[in-house]
């Protein structure tokens with residue numbers, strides 16, 4: 001399975017489930033307007049992170065209809081470059097978890113580039129792809145975050161808001177970990193292999209370098 005390494009390390013490292021809300025769908029053109037994240041390990045939640053972000057542009061009306069974030073809500077909010085150091089410290093030493101992760105990672109890297117910072121170097125788990133592997137055979141639309149939440153009895157308080165979507169993503173991830181353990185047994189012994197030990201060390205040392213400028 002594509003994420004066998006996750007099942008091998010999950011009892012030994014921390015994870016950060018995160019989500020972004022944006023002004024549109026193109027990372028090269030649009031901007032992040034909200035980040036929500038929750039760091040957790042096998043014992044439970046460690047910390048939460050949430051902030052609205054001023055994007056230096058108006059939010060298209062069709063986007064506001066989806067995430068219910070308005071221009072007025074972003075007045076006097078920090079720009080991404082003002083929160084990047086805090087967010088980088090928050091995710092340091094963790095595996096990142098996101099639903100349709102390429103979207104969020106592309107936006108974060110685009111914002112990091114605008115701030116003249118290094119791109120993300122963390123291991124990333126895409127719960128969309130993970131769900132397809134753990135629960136094969138569902139209809140294509142059933143792998144959407146809210147549909148998976150409904151199927152597995154996870155509570156959704158505010159769909160398309162970053163903080164709640166991050167929490168739901170975390171709960172979906174832990175549901176899949178538990179399902180895999182029940183079906184296949186825990187993978188604790190695998191963590192003793194040299195390869196997995198090295199991976200654990202790399203994860204725990206992972207960070208986004210916000211002290212070094214790219215150009």
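Along the chain as shown, residues are numbered 1 onward.
Glycine too: its Cβ is placed from the backbone N, Cα and C atoms.
Among the candidates 165, 209, the residue that Swiss-Prot names alongside 19, 21, 62, 67 for the substrate site is 165. Put simply, 67 is the one of the binding-site residues 19, 21, 62, 67 whose Cα lies nearest to the Cα of residue 160 (active site, proton acceptor). Sequence-distant contacts of residue 165 (divalent metal cation 1 binding site), defined by Cβ-Cβ distance under 8 angstroms and a gap of at least six in the same chain, are 19, 36, 99, 145, 159. Put plainly, the binding-site residues 19, 21, 62 were compared by Cβ crowding within 10 Å, and the winner is 19. The two recorded residues, residue 67 (substrate binding site) and residue 21 (divalent metal cation 1 binding site), have Cα atoms 7 Å apart.
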